[in-house]
Amino acid sequence: MQLQVNQSTGVVFVFVGFSEYPNLQVPLFLIFLIIYTITVLENLGMILVIRINAKLHTPMYFFLSHLSIVDLCYTTVIAPKLLDLLITEDRSMSLKGCIIQFYFGCACVVTQTFMLAVMAYDRFVAICNPLLYTVAMSHKLCALLVTGTYLWGGLCATTLTYFLLALSYCGSSIINHFCCEYSAIISAACSDSSLSQIACLLICMFNEICSLLIIIVSYVVIFTTVIKIPTKGALQKALSTCAPHLTAISFCHGFILLLYCVLKSKSSLLLVKIVTVFYSMVIPMLNPLIYSLRNKDVKETVRKLIHMKILSQSL
């Protein structure tokens, strides 16, 4: 492996990005800059609101605050380089820089998928065992679940990064993407990458199946339990409670399956870039809105913060 790393010293990746559309560079830069700015403000705002409002110091919002942290980190890993590609002529990145971007991006994606699975389990306990909810979802258990998702995300990223570093890379390589995605880096390798591809496939399949299995089982039990409740409006209330999380899950796993199971041909490279933009920038922007639009406590805290800001400026 040491020999292969030495052979790869000085390797530079040149990203195509959206350079095929020179007239759209400035408009795309402005659009992505606005999306990134809104994403940062929304997720920081969500974290702040949850910390300020004591009513939101519950397991669900504890997990949501960490989902906002992961979303913020992920979009910050991807967006700055994308913005840089749109306004500068230098579209290159060193192998080291690319590996670093991949590592943190991969860790964030894996952590996000399992954070959503943990949130599904939380909804299962809240709806199926409401009287034991505070006991079952203790602060210690919540902290362990969140720590576990971060550690697993880091472990998966470390494993895949190891397999990437085990490959050798020759000279400069053109990558038809705007970020260091696994298959894009693999395509630039000049040694046999079959083992790396198998490792990636197994890890991705394991993570997707396990996270989806937790989510599906949780919601099947939830709706089975709710249907048996004779109280009028119980199903509607359960749907209302779970709707934001189900929406977030649909976006997250929908785009993952679209990227890695559907869009494989070279003719769909533009669509891959567009879907990656949605996954890395638009979804992190939408998540805080999805979870806060129908929550009175979140909206009330935001109103109070805005009111305090206006008062402080008027004094």
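Cβ coordinates are placed from backbone N, Cα and C, and glycine is handled just like the others.
As recorded in TrEMBL, the features of this protein are as follows:
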type	residues	note
TRANSMEM	28-49	transmembrane segment
DOMAIN	42-291	domain 'G-protein coupled receptors family 1 profile'
TRANSMEM	61-79	transmembrane segment
TRANSMEM	99-119	transmembrane segment
TRANSMEM	131-153	transmembrane segment
TRANSMEM	159-179	transmembrane segment
TRANSMEM	200-223	transmembrane segment
TRANSMEM	243-263	transmembrane segment
TRANSMEM	270-291	transmembrane segment
Same-chain residue ranges lying at least 6 outside the transmembrane segment (270-291) that approach it to Cβ under 8 Å: 17-18, 20, 32, 35-36, 38-39, 42-43, 45-46, 64, 67-68, 71-72, 74-75, 77-79, 82, 105, 177-179, 181, 244-245, 247-248, 251-252, 255-256, 258-259, 263, 298
Highest-contact recorded stretch vs the transmembrane segment (99-119), from 61-79, 159-179, 200-223, CB pairs under 8 Å: 61-79
Highest-contact recorded stretch vs the transmembrane segment (159-179), from 28-49, 61-79, 131-153, 200-223, 243-263, CB pairs under 8 Å: 200-223
Chain residues outside the transmembrane segment (131-153) and at least six past its termini with a C-beta under 8 angstroms from it: 59, 62-63, 66, 106-112, 114-115, 118, 121-122, 125
Outside the transmembrane segment (243-263), six or more residues from its ends: residues with CB under 8 Å to it: 67, 109, 112-113, 116, 119-120, 123, 204, 208, 211-212, 215, 219, 271-272, 275-276, 278-279, 283, 286-287, 290-291, 293-294
